[in-house]
Each structure stands twice: as C-alpha cells, then as structure tokens.
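Listed in TrEMBL for this protein:
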type: TRANSMEM; residues: 41-64; note: transmembrane segment
type: DOMAIN; residues: 53-320; note: domain 'G-protein coupled receptors family 1 profile'
type: TRANSMEM; residues: 76-101; note: transmembrane segment
type: TRANSMEM; residues: 121-141; note: transmembrane segment
type: TRANSMEM; residues: 162-185; note: transmembrane segment
type: TRANSMEM; residues: 205-238; note: transmembrane segment
type: TRANSMEM; residues: 259-282; note: transmembrane segment
type: TRANSMEM; residues: 302-323; note: transmembrane segment
Amino acid sequence: MGWGEMEPPNGSAAGRSDTCFGVFNTSDSRDNAQNSIASPWFSTAFGLIGLCSNLFALCVLLSSSRKLSSRARSSFLVFLCGLVVTDFMGLLVTASVIIPYHFIKFTWAKVDPGCHLCNFLGFSMVFFGQCPLLLGATMAGERFFGINHPFSRSTSISKRRAWSIVGLVWGFSCLLGLLPVLGLGRYTLQYPGSWCFLTLLPDTGNVVFCLLFALLGIFSVLLSFIFNTVSVVTLCRVYHDRESVQRRRDSEVEMMVQLVGIMIIATICWMPLLIFIIQTVLQQLPASGQIQMLPMETQKMLLIYIRMVTWNQILDPWVYILFRRAVLQHVYPSLRPRPSILSLYPVLNPSLGRKLTAD
C-alpha cells in the first residue's frame with residue numbers, strides 16, 4: 001500500500017478542496033518523485049514477494065488442515081487462513097491500481113474525475129488494513145478461552161463457525177470502509193499522488209472517521225496483547241507445575257508462538273500510523289475548518305508510516321511458515337508431540353476425559 005513516488009495530479013484538480021484531489025501540495029511533488037529511490041521495478045518486486053509469500057502460506061495451511069483431527073487446531077487454522085487470504089487480497093487489489101500507475105503515469109484527475117477509483121482504493125486500504133487487526137484480536141480471544149477455560153465448552157469451535165466469525169470480521173471492516181462513501185469523512189489522493197486514504201483534515205466528518213479508524217485499530221492491538229499475555233502466563237504456570245513438568249502442550253505452544261509473532265508484527269507496523277493519525281487530527285482541531293491542505297512534512301510522514309504498514313501483509317505469512325513444529329523440529333530435533341492441554345489439568349472422570357480428549 002503506497003509503495004512508490006508518483007507524479008502528482010494536475011494542478012487545477014489539486015486545488016479543489018471539495019474533491020479527492022485537494023489535500024497535498026503539488027509544487028514539489030514532481031522533484032521529490034524524481035529523487036525518490038522508489039521505482040516501478042522495486043514496487044513490482046515488492047508486491048510479488050508479498051503475494052508469493054501469502055500464496056505459499058495459504059497452500060501450507062490448506063495442506064495442514066486436511067491432516068488435522070484436533071478441532072481446536074483446525075479452528076485456529078481457519079482464522080490463520082482468513083488472515084492470509086485478507087493479506088493476499090489486500091496486496092493484490094492495491095497492487096492492481098498502484099503498479100500500473102507507476103508504468104502508465106496517468107493523471108488521476110483525468111482518468112478518475114468522479115473519484116470512484118480513489119474511493120475504491122481508499123476503501124481497500126481501510127478494509128484490508130483493519131481486517132488483520134480485528135482477526136488478530138479474534139484469534140487471541142479464541143486461544144484465551146481455549147487455554148484458560150478448556151472445560152467451559154464441550155467442543156471447540158467448528159470450522160463452519162470459525163469461518164462465520166471470519167465473515168463477520170470481514171463484514172464489519174467492509175461497513176467501516178464504506179463510511180466515507182456514505183458521507184462520514186472522505187477518501188483523498190495522498191502525497192505523492194499514488195494512493196488514496198482517509199483525510200487528516202480538521203473538519204468534523206474527517207476527524208470522527210480518523211479517530212474511529214485509529215482507536216479501533218489500537219483497541220484491537222491492546223486486546224490482543226491482554227489476551228495473549230494471560231494465555232502465555234497460563235502456559236508458563238502449568239509448565240512449572242510439579243505434576244506436569246514433563247507434559248508439554250506442544251500444539252498450544254505452537255499456536256501461541258504464532259499468535260504472539262502476529263501480534264508483535266502488527267504492533268510494530270501499525271501502532272506508529274494509528275498514533276500518528278490521532279495526533280495529527282487532534283493537533284489540528286483548534287484550527288477548525290481553516291486548514292484546507294496538509295503540511296508537506298505531515299504528508300511525508302504519512303507515506304512513511306503507510307509503507308511500514310505494508311510490511312505487515314508481507315511478514316504475517318512467514319510467522320506461520322517458519323514457526324511450525326515441522327520446521328522447528330528440524331532445528332530442535334528433541335521436540336516431539338506431547339499430550340494436549342487436557343493432560344495438564346487434574347484427573348477427570350475417565351468418561352469425561354475421553355470425551356474431551358476426543359473433541
């Protein structure tokens with residue numbers, strides 16, 4: 001998302017603050033674009049790496065899901081599959097607009113005078129940006145209840161229910177992305193003219209939408225952190241129990257390692273942008289609606305943070321690819337399958353134990 005430096009739109013359209021072409025200064029954009037280290041070939045290679053990484057991870061996930069008998073692990077793989085599909089489609093959709101723009105050098109104001117393409121790209125940025133954060137929080141919550149309350153439900157989440165939850169996350173993110181189209185805020189072309197995103201100007205609609213987007217993302221990251229921290233503490237405490245010191249929940253540990261890795265990547269890639277959005281819109285509030293154009297420094301910082309966010313879509317699949325037991329056992333041959341979480345709790349009624357273990 002926002003991979004390279006582009007030619008700015010023409011000046012006449014850029015000066016109209018009531019459209020998607022009036023947010024950034026165009027006077028120095030051409031010089032900055034020419035001096036940039038970005039190039040069409042760099043952007044293409046960058047996009048292809050991300051697409052191939054997610055496609056490879058998806059193939060591995062589908063292969064692993066066919067071999068599993070554990071419903072807990074199967075539902076977790078469904079969430080992971082939803083995350084990988086989201087990242088793959090996010091890169092594919094944004095690249096399909098941005099990369100051709102690198103080579104063709106078309107003028108946005110002429111090709112898209114009604115801002116339909118800009119609105120689509122802005123919607124894609126919000127939708128495919130918010131989905132991974134919400135899915136990360138959902139996965140953390142599912143593992144939290146699976147580890148800390150394993151007997152509160154007779155069965156784990158089925159694959160169908162897991163896909164339903166993924167669909168709800170997609171639907172909620174879709175509604176969020178459609179808010180500017182419905183009148184709350186607006187999507188505008190951003191510096192240096194290669195991508196569209198929410199508008200960091202101090203009018204009421206833009207401020208509300210920016211704060212909603214940023215606060216929801218921060219809430220998702222914090223919720224993931226809380227759930228994952230409690231789950232990791234629970235695993236560590238059980239590991240040090242005298243009666244279960246030799247019994248390891250390899251499957252639960254594997255899932256938690258992957259989940260913590262996803263959370264760390266999302267935090268590093270997303271938190272700077274989310275905090276920057278909140279700081280920018282709140283600092284401009286005293287100016288009310290007087291500001292019609294973002295300062296150049298703000299535009300450049302936004303571009304840098306968006307590029308950081310793009311790495312989240314590229315690194316997510318490698319968390320699962322690299323942190324699987326099949327891979328880790330090559331590094332640490334001593335790792336072997338161990339009893340599940342149920343074996344670490346006090347002795348149960350034999351029939352109940354057999355039922356829960358089967359589930």
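Even glycines carry a Cβ here, placed using N, Cα and C.
Note: TrEMBL annotation is automatic and uncurated.
Scored on C-beta pairs under 8 angstroms, the neighbour of the transmembrane segment (41-64) with the top count among 162-185, 205-238, 259-282, 302-323 is 302-323.
Tallying C-beta pairs under 8 angstroms between the transmembrane segment (259-282) and each of 76-101, 121-141, 162-185, 205-238 places 205-238 first. Proximity of distant same-chain residues to the transmembrane segment (121-141), defined by a Cβ-Cβ separation under 8 Å and at least 6 residues beyond the stretch ends, is recorded for 1, 20, 76, 79-80, 82-83, 86-87, 89-90, 93-94, 97-98, 165-166, 169-170, 172-174, 176-178, 180-181, 187-188, 195-198, 213, 216-217, 219-221, 223-224, 227-228, 231, 259, 262-263, 266, 270, 306, 309, 312-313, 316. Sequence-distant neighbours of the transmembrane segment (205-238) (same chain, 6+ residues past either end, Cβ-Cβ under 8 Å): 126, 129-130, 133-134, 136-137, 139-141, 143-144, 147-148, 176, 179-180, 183-186, 198-199, 244, 249, 252-253, 256, 259-260, 263, 266-267, 270-271, 274-275, 277-278, 280-281, 285, 344. Same-chain neighbours of the transmembrane segment (162-185): 74-75, 78-79, 82, 86, 119, 122-124, 126-127, 130-131, 134-135, 138, 198-199, 205-206, 208-210, 212-213, 216, counting only residues six or more beyond its ends whose CB sits under 8 Å from a CB of the stretch.
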